[in-house]
Amino acid sequence: AAGPRCPGVRRRLPVLRWLPHYSLAWLQLDVMAGLTVGLTVVPQALAYAEVAGLPLQYGLYSSFVGCFVYCLLGTAKDVTLGPTAIMSLLVSSYAFHEPVYAVLLAFLSGCIQLAMGLLHLGFLLDFISCPVIKGFTSAASITISFNQVKNLLGLQGIPRQFFLQVYETLRRIGETRVGDAVLGLACLAVLAGLRAMKNRLPQASRAEPLAARVSHLIVWTSATARNALVVLFAGLVAYSFQVMGSQPLTLTGSIPQGLPAFQLPRFSMTLPNSTIPFRSMVEDMGVGLAVVPLMGLLETVAIAKAFASQNDYRIDPNQELLALGFANVLGSFVSSYPITGSFGRTAVNAQSGVCTPAGGLLTGTLVLLSLAYLTSLFYYIPKAALAAVIISAVVPMFDAGIFRTLWRVKRLDLVPLCVTFLLCFWEIQYGIVAGVLVSGMLLLHSIARPPIKVSEGDVLLVQLGSSLHFPAMECLRDAICSRALAASPPRSVVLDGCHISSIDYTVVVGLAELLQELRKHGLSLAFCSLQDPVLQVLLSAELEGFQHFPSWEEAERCGGAELGGGGTVPFISTGESSLLPT
């Protein structure tokens, strides 16, 4: 009933599009995918909470609401929402390792994302260029990895600021705990081996014998659930040492058991001797209230588009913004920190053959069961194993090839890439903001200085290589006047407007001034090949001496002597301009 007669409801509740057609075959594949992703998300959630600088249970608190919300509101069958390495790093920067700040940041980020979705402001993401994103993710890969070296080596008291972290780690390398280092490096090697095995695993064929297909499934499942297997193995090793009465490993420790309380996020923070009000908390977060929601949206929409293209279906970007916004707002009621789309878990979901977002229901249920019954077992998980999981997840984010590609394709794009990459080692927010500003300056420069080609002849033909915006008016005026007046004898000008799709009032005024300046020297400026909307604007402006030709060839046939000479020319307005003072 909510189908054909209520398209608006179907658009806002995408679950209504696929639920009526749900089948047993879909259920089997969704269950398989949900279980596989669930085995991946639990160890990752614990590890990413460490990156965020929060107690480990907050990683699990952040891992189930998005699964349920996206099942109802998401438009991509493959996407899974939850904590990610990038978002955890941002939370570490803006929540100051305080759960109250992290939960409030999730609530406010969700509100901003909801507003952007309702106002269709997703286009703002287009202003974050690929070099900025690559610079940020590559720097994040290094900072997150090095942040985990202390846990990999069993070092204590290492500061979180990157440069101090590098200095202190190298200075205290002699304090390495052998047990942590051996286990951590072994876990890294196993994870790398299983990843390589999965990447090289050929597709199974139904024509193969049953034993071969079963072997393929076992290998694929082991490689896909490698994080869970490694953490389980490391936990068994730690438990064995505990039973024997010696413990050479640094353990995760106690994690509160049970589900989080459903309550409003706290809008103030009570300290032993004072209270931090809501306004001060917002001021403390600062630019994070823009960076966190925008980066969350960027990750989610980019992942959704990538897998929609790969698997041949369509998504609704604005609906994706709404889904993510609702997930963050509702997640904040169960102590979640900001979440976004996870590329790694989405890839696992897609490779598992998921058919609908319903696979997320089982993933979320597994997280809830872990919180309810398994947290006592998490005590024995070594920190070195979680560090190995994190490093294994973020190392592929470093894209060394992008530097070589940009050097070959467009070297100017290396500027925002390098600015973002280098400043992110100082502070994440400075790197992102500086990168966006540099990209914006390069974009504005290209608008203000469009490519202009001037061809010599009886008249000068001026061709714009891009559209004409008001910042470029002065550049166009200088190019025309310098060539037209410097020629011997001075020549009239024809401006080819085939690339001009729209103009504003400032451009019209600039063209009126240009017409007047050339007329003072006995020259004229004519236009050719203008698009209809632009032509109508110029005709309505009643520019004195305005002439237009359908094509450059017709303008050339008229000849320089006739331009402005009062002959009959198509689309001539001889009215006196009302744009310039007399």
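Residue numbering: from 1, along the chain as shown.
The backbone N, Cα and C atoms fix where each Cβ goes, glycine too.
Those TrEMBL annotations? Automatic predictions, nothing curated.
Copied over from TrEMBL, here are the features:
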TRANSMEM  21-46  transmembrane segment
TRANSMEM  58-79  transmembrane segment
TRANSMEM  100-125  transmembrane segment
TRANSMEM  217-241  transmembrane segment
TRANSMEM  287-308  transmembrane segment
TRANSMEM  320-339  transmembrane segment
TRANSMEM  359-379  transmembrane segment
TRANSMEM  386-407  transmembrane segment
TRANSMEM  419-444  transmembrane segment
DOMAIN    458-538  domain 'STAS'
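Taking Cβ pairs closer than 8 Å, the transmembrane segment (386-407) reaches residues 43-44, 46-48, 50-51, 85-86, 131, 134, 137-138, 140-142, 144-145, 148-149, 151-152, 184-185, 187-188, 191-192, 195, 227, 230-231, 252, 344, 413-414, 417 in its own chain, all 6 or more past its ends. For the transmembrane segment (21-46), the most Cβ-contacting stretch among 287-308, 320-339, 359-379, 419-444 is 359-379 (pairs under 8 Å).
Take the transmembrane segment (320-339) and the stretches 58-79, 100-125, 287-308, 359-379: counting Cβ pairs under 8 Å, 100-125 has the most.
Between the transmembrane segment (359-379) and the transmembrane segment (58-79), three or more CB pairs separated by 6 or more residues in sequence fall under 8 Å, so the two stretches touch. Counting same-chain residues at least six beyond the ends of the transmembrane segment (58-79), those with a Cβ under 8 angstroms from any Cβ of the stretch are 12-15, 18, 41-42, 44-50, 52, 99, 102, 106, 260, 300, 303-304, 307-308, 311, 313-316, 319-320, 322-323, 326-327, 330-331, 334-339, 341, 346, 349-350, 354-358, 360-361, 363-365, 367-368, 370-371, 375.
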